[in-house]
Amino acid sequence: MTIHLSILVFFPALMGLVSAFSPRSLAPKILLVGTLIPLAYTIYMITDFDAGAGLQYVTDDAWITELGIRYKLGIDGLNLWLIALTCVVAFASAVWLSVRTPERAGLFCFHFALGQTAVLGAFVAQDLALFVLFFDLMLVPFYFIVGQWGSGDRAAAALKMVIYTLVGSLLMLAAAVATAVLSNPGGELSFVLTDLQANLLSESQQKWLFVAFALAFLIKMPAFPFQGWMPDAYRSMPLPALAFFSGVVSKVAAYGFLKLVLPLFPAATNDWNVILLILAVISILYGSIQAFTQTNARLILGYSSIAQLGFITLGIFAIDASGQGAQGALLQSINHGLVVAPLFFVVALLAERAEGSEDIRDYGGIAFRAPVLAALFLIVALATLAMPGSANFAGEFLILLGAFSSVQALAFLASIGVILASVYALRMYIRSMHNRVGPKVTSFEMTLRDGLVLVPLVLAIIAFALYPQLALDAGEATVRSTVEAVLR
Amino acid sequence: MTGLLAQATTKGPPINWEALSPFIALVAGGCIVLLVGLARSAFIRRQVVPVLTLLTLGATAGLGVWQWDINEGIVANAMVVDNLTLALTMIFVAGGIAAVFLSWRSIASAEAGEGEYYALMLMSILGMLVLVAANDLVVLFIGFELLSIPLYVLCATHMRREQSLESGLKYLIIGSVGSATLLYGLAMLYGAAGGTNYGDIAAVAAEMADDTLFMVGIGLVLAGLAFKASVAPFHQWTPDVYEGAPTPVTGFMAVATKAAAFGVIIRLFVGPLIDATTTWAPAFATLAVITIIVGNVGALGQSSLKRMLAYSSVAQAGYMIAGVVVTTQLGIAATVFYLAIYVVMNLAAFAVITARERETGLGDDISSLYGLGRDRPFLAWPMTIAMLALAGFPVTAGFFGKIYLINAAVNNGYGWLGVVIVVGSAISLAYYLRVVAAVWMREAPAASTSLSAVPIMAGGSPEGDEAAYAAGREPGADVGRVVSEDFGEPSIITSGPRISQPEVIFVAVFCALVTIAFGVYPEPLMDVARDAGEALQSLR
């Protein structure tokens with residue numbers, strides 16, 4: 001038994017448990033340690049990773065033999081960089097929590113750390129039941145965070161979020177069990193992904209199970225028309241948690257498509273992919289249009305996430321011969337996480353300069369007295385709109401390239417989204433930073449401690465813009481073989 | 001005369017006393033508890049009697065473990081002691097032990113007389129044991145009545161409270177209708193099969209499957225047992241009785257009676273009636289769907305926690321029927337596993353309700369939980385874990401319970417039942433999470449609302465009694481003093497004075513920990529459940 005990945009996954013939760021019993025001032029510091037160690041370990045893994053060697057750092061132990069569930073974890077090209085993203089964003093959120101400690105911080109840190117553990121677990125799980133377990137678990141801490149520390153009608157927002165997403169998850173639970181049972185009828189039950197991949201189901205069986213899985217992931221993203229829970233939850237969730245939730249948790253859904261749906265249901269993917277592509281394009285257009293009509297800064301970001309995740313879905317289901325769409329989707333998952341998290345922190349900083357208002361109509365002229373903040377915001381905003389030179393540009397370019405080579409009409413519609421992205425990103429930037437000084441605005445420069453949160457994230461964006469190839473190389477082989485299996 | 005006696009001794013069946021020992025322990029313990037309960041000393045009545053009850057239950061469990069794997073018919077094959085019987089025995093004992101802890105400071109046991117109260121509880125457990133061990137229709141009915149009659153009384157033990165009496169009467173009347181239905185059905189089965197032993201029924205089940213008498217008999221038996229298991233549409237008594245009965249009794253009924261009812265359903269239907277599956281399986285599958293829907297929808301609007309848990313128990317019964325209906329050893333194992341975890345999940349919840357009932361004077365209303373998360377972690381977390389587990393969240397035993405059941409359903413072509421379970425669980429989120437929200441996301445009521453609660457307490461209301469008694473005062477006797485004492489600082493009534501009740505908190509925390517433990521590593525419990533499933537050798 002190798003325990004490397006177990007440490008990576010459970011260390012945050014362990015530290016979270018410790019911080020739950022710590023005094024208020026100490027709790028975020030302990031959380032900081034809990035996020036720092038996994039981050040350091042991930043960086044080590046990135047340097048150590050061998051792109052050609054398939055699954056690495058494998059932990060494979062019997063867990064529940066009665067149900068054929070194994071405790072199997074592993075790192076491959078698909079999840080390596082997503083894990084890095086998780087650790088980076090979690091670390092940034094932990095720094096933020098140390099600077100601005102919420103009340104009952106111990107419990108907050110516990111929930112947050114549990115969330116990180118669940119996300120990491122979902123990324124490294126190589127067993128379907130284990131994935132479902134972590135995927136469902138992900139929701140619990142955020143339910144408590146929204147319900148206890150949220151603003152506005154938090155209990156209702158929390159309930160809405162849970163019911164929406166768990167309905168999908170429960171269907172996925174049933175579908176996962178059905179997949180395992182049907183793939184080896186009468187034989188030994190096994191949820192291990194490689195076993196399931198070896199005994200693919202018939203096309204008619206795949207069709208129905210695909211729907212359950214797709215529903216769970218589309219709700220989680222969220223994609224049109226399943227975004228109903230998003231506005232309330234985004235409006236209510238505390239910003240450090242929201243940065244992590246929007247930046248990372250939604251990527252688990254995208255990862256689920258690449259890791260589970262395509263390999264396990266290749267025939268059904270071929271049958272359904274047009275529907276998924278249409279939903280993706282609608283998500284792009286709907287999300288973009290909403291993003292430049294909303295005035296609440298959180299919702300602008302929320303709807304822009306819908307658009308961005310639409311791009312990611314588009315790339316995954318483009319299923320072009322060379323797998324460029326899916327590669328772009330993987331890259332874009334990391335990019336979007338990296339840009340949306342700092343944007344939420346920026347929103348928090350903006351709100352501090354406008355009497356707590358998160359409405360961009362109350363903003364304006366903030367850049368004048370906060371040039372560093374403005375510069376950082378500008379970099380992130382440009383990355384969001386996929387400025388050439390940013391990694392987002394590379395990601396969107398690959399996605400559209402893939403889409404053009406398989407479904408031209410939809411790709412054309414989707415490329416409108418690229419233009420719209422610049423509209424909403426720049427609108428938000430200009431409305432807050434430039435223009436006349438808003439009625440509520442009293443601007444001041446960001447502090448060094450806020451810089452500790454934002455600067456590393458911005459540096460990561462820049463680094464990634466320079467070397468997107470790193471992530472692409474790691475995932476290329478896996479992504480390509482996944483797409484080829486569907487095309488076959 | 002002597003000749004007759006001699007003849008009788010020669011005809012007496014050989015009895016495996018070792019296998020019978022758990023039954024004997026319960027009978028003996030019940031008698032001792034009843035006699036010791038006559039003592040005048042308050043110490044003996046309030047402390048020694050519960051301890052004796054616990055010892056009896058512990059002995060029963062120990063003897064059960066000792067007899068594990070014997071798997072044989074005893075007393076002329078009228079009863080079967082096998083791993084299914086013994087696994088269910090453990091469940092009854094667990095429910096009983098928790099009920100004793102919850103009753104320790106309860107006003108109900110004091111009003112009924114501790115000796116009687118605990119002896120009745122032991123007799124009821126004996127009835128459950130006989131019921132699930134029965135291998136003969138007559139023994140089945142004896143067990144059924146032995147289980148029910150003490151419970152009718154136990155429900156009414158909170159004698160100065162109207163709802164408790166109402167609950168007991170209601171349970172008596174509806175339970176009697178259920179018993180009569182069952183007895184009628186048993187008579188028909190006997191008429192059709194020509195014998196009361198399960199072996200006789202099994203021998204004719206295949207050829208009689210389409211026989212009208214036999215079918216009607218099966219239908220009536222099914223209805224009678226469905227009353228006890230609170231399967232819709234025979235569940236209407238459940239919310240009223242659960243709400244009215246003293247909370248420790250409710251907790252005991254909810255877990256142990258349910259397990260006993262499912263035990264006998266498994267034993268009878270998946271045993272001798274297995275060859276008539278085509279007759280009863282569609283009926284049961286239909287009932288499962290109705291039960292899941294009725295239970296989950298019914299629970300939605302409840303503000304009384306006990307009523308909510310009553311409907312939730314109906315829904316959970318629906319999930320478990322799915323495991324029975326598939327008629328495989330896997331299905332039985334899944335059902336037994338689910339029963340076991342159902343016990344711990346519910347007991348944690350009932351323990352918290354009991355604790356808050358004594359502290360707040362709000363009864364079992366959901367508002368009694370407001371603000372619990374802020375300052376009572378040892379009550380808040382067990383309640384949270386219990387609710388999340390009942391809803392089937394991961395890292396609680398409920399998650400694997402659902403996977404196990406769905407797995408069993410899909411495995412034998414009942415995939416659609418798996419979907420119904422999932423849909424039911426989705427509905428159930430709304431009411432389980434409402435409780436979680438009450439614990440964590442609502443503020444404790446301010447002093448202004450608590451003023452209105454004072455008259456409730458002063459009027460000698462049941463909830464006030466419970467609180468006063470648990471705090472160490474004699475109920476009712478000192479109404480005036482309660483008022484004068486509490487009027488000065490009214491806030492303590494709703495936010496709850498902390499009453500020392502370590503045993504209740506122990507039950508809550510212990511059950512929550514077990515729920516988590518089996519959610520992380522369910523293997524040991526699954527082994528037991530599999531052994532229980534394999535006891536039914538007629539199945540694959």
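Any Cβ shown, glycine's included, is placed from N, Cα and C.
The annotation transmembrane segment is assigned in TrEMBL to B:20-39 (among others).
TrEMBL lists B:48-66 (among others) with the feature transmembrane segment.
Per TrEMBL, transmembrane segment is recorded for B:86-104 (among others).
Taken from TrEMBL, the feature domain 'NADH:quinone oxidoreductase/Mrp antiporter transmembrane' applies to B:134-428.
Residues annotated as transmembrane segment in TrEMBL: B:140-159 (among others). Remote same-chain partners of the transmembrane segment (B:140-159), defined as residues 6 or more beyond its termini with a Cβ less than 8 Å from a stretch Cβ, comprise 107-109, 111-112, 117, 120-121, 123-124, 126-134, 165, 167-169, 171-172, 175, 179, 182-183, 186, 228, 241, 244-246, 249, 252-253, 257, 260, 264, 268, 462.
Marked as transmembrane segment by TrEMBL: B:171-193 (among others). Tertiary proximity for the transmembrane segment (B:171-193) is limited to same-chain residues at least six positions away from its ends with a CB under 8 Å from its CB atoms, namely 137, 140-141, 144-145, 148, 151-152, 155, 200-201, 203-204, 208, 211, 213-214, 216-225, 227-228, 234, 236-237, 241, 245.
Feature annotation from TrEMBL assigns transmembrane segment to B:213-231 (among others). Tertiary neighbourhood of the transmembrane segment (B:213-231): same-chain residues 144, 147-148, 174-175, 177-189, 191-193, 204, 237-238, 257-258, 260-262, 264-265, 268-269, 273, 276, 279-280, 283-284, 287, 291, 310, 313-314, 317-318, 321, selected by CB-CB distance under 8 Å and a gap of 6+ residues from either end.
Long-range contacts of the transmembrane segment (B:252-274) within the same chain, counting only residues at least 6 positions beyond its ends with a Cβ under 8 Å from a Cβ of the stretch, are 80, 84-85, 88, 91-92, 94-96, 98-99, 121, 124-125, 127-128, 131-132, 134-135, 140, 143-144, 147, 151, 154-155, 198-199, 201-202, 205, 218, 221-222, 225, 228-230, 241-242, 245, 280, 284, 309-310, 313, 316-317, 320, 324, 327, 332, 335, 339, 342-343, 346-347, 350, 536, 538-539. For B:252-274 (among others), the entry in TrEMBL reads transmembrane segment.
Through the fold, the transmembrane segment (B:280-301) approaches residues 218-219, 222, 226, 231-233, 235, 239, 269, 273, 308, 311-319, 321-322, 324-325, 327, 414, 417, 420-421, 423-424, 427-428, 430-431 of its own chain, all at least 6 residues removed from its boundaries and within a Cβ separation under 8 Å. As annotated by TrEMBL, transmembrane segment applies to B:280-301 (among others).
Annotated transmembrane segment per TrEMBL: B:308-326 (among others), in sequence order.
Look at TrEMBL and you will find B:332-353 (among others) tagged as transmembrane segment.
The annotation transmembrane segment is assigned in TrEMBL to B:378-401 (among others).
Residues or ranges marked as transmembrane segment by TrEMBL: B:413-433 (among others).
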Contact set, same chain, for the transmembrane segment (B:378-401): CB under 8 Å, 6 or more residues outside the stretch: 312, 316, 334, 337-338, 341-342, 344-346, 348-349, 351-352, 355-356, 369, 372, 425, 428-429, 432-433, 435-436, 439-440, 505, 508-509, 511-512, 514-520, 522, 525-526
Outside the transmembrane segment (B:48-66), six or more residues from its ends: residues with CB under 8 Å to it: 18, 21-22, 25-26, 28-30, 32-33, 36-37, 39, 86, 89-90, 93, 96-97, 100, 103-104, 114-115, 118, 121-122, 125
Same-chain residues near the transmembrane segment (B:86-104), Cβ under 8 Å, at least 6 residues beyond its ends: 22, 46, 50, 53-54, 57-58, 60-61, 64-65, 67-68, 117-118, 121-122, 125, 128-129, 132, 246-249, 251-252, 255-256, 259-260, 263, 336, 339-340, 343-344, 347, 350-351, 354, 501, 503-504, 506-507, 511, 528-529, 531-532
